[in-house]
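S.K.: First the structure, then my questions, so here it is.
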């Protein structure tokens, strides 16, 4: 036997060195998977011719032996050869071990891709070598398969399971009711005037310190900084405000006319003032004002000299706290209403 070849073959330009032992040995198959039955290597042509001649001689000998043995032995031999030929057809790859039995039919190949519609079937086609290849799709409609898959291949909404309550009269009544509502309420599809939302036309609430102020409760409500609507007023709003101001001025002028003193009151007031100047002494308020005026004039004309430190004058210490100051201002505001004459007739 020849030496087993392991590894890649030599290029065609290089010739393998043959030894005497290799020439004496019989050629053996190359290590690796066997070739398909329809393919043969070129190196084995000579050996195949020798094998063919030897096989022919062996077949002749076998036929002669079978003739001697009888017809039964010849029939068994033919059946065995036919089984061997069937086993070799369509085989690729290495042979199975002797303990395993070859399957009669190869398993179906898995389908890759979308499935065919239920009415189409692939027609198998035979190849040149006798093998079946999947052919073109034929639009052959199988009625039995279609009937079995009717329930599974439903596309669209399912039909109603119960009786359908549909009445032509009820549909007409609904349409008439809709038309009646549309006529009574007006056309809802009419274009509405486009108005901006409030956040587009109004200023946001005024924020002080942006959350950085003291975390205490408010003692009193914040005073309004003023009318901030000037920034968002439209021409219509400005015209409306101007009319309101004019009406307010007219009402004030009417009140002033009502409060105007009559000629009789003016005449009596002049007589009373002249009588008081001639007959009565000065009031305490007038005396106090005169003293303050004279003192201020004297201090202005007096020569200024260095005086010792006086805490009240130099530091101007406030003798009233905030609460006393507010109470004094509030009481002084009421003096005019307490000691003034009425708004009507001054004299009876």
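Glycine too: its Cβ is placed from the backbone N, Cα and C atoms.
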S.K.: Looking at phosphoserine as annotated by Swiss-Prot, pick the matching residue from 106, 190.
M.R.: 106
S.K.: According to Swiss-Prot, phosphoserine sits on which of 123, 138?
M.R.: 138
S.K.: Say a student had to find the phosphoserine annotation in Swiss-Prot: which of 143, 274, 283 would be the correct pick?
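M.R.: Annotation hit in Swiss-Prot: 143.
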S.K.: Let me check the 10 A CB neighbour count of residue 316 (SUMO2 cross-link). How many other CB atoms are there?
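M.R.: For residue 316 (SUMO2 cross-link), the count of other Cβ atoms within 10 Å is 7.
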S.K.: Mean pLDDT over the motif 'GPALPP motif 3' (93-98): what is the value?
M.R.: 77
S.K.: How big is the gap, in Å, between the Cα of residue 279 (SUMO2 cross-link) and that of residue 316 (SUMO2 cross-link), rounded to a whole number?
M.R.: 43
S.K.: Report, as numbers and ranges, which residues of the same chain sit near the motif 'GPALPP motif 3' (93-98): CB under 8 Å and 6 or more residues beyond its ends.
M.R.: 33-34
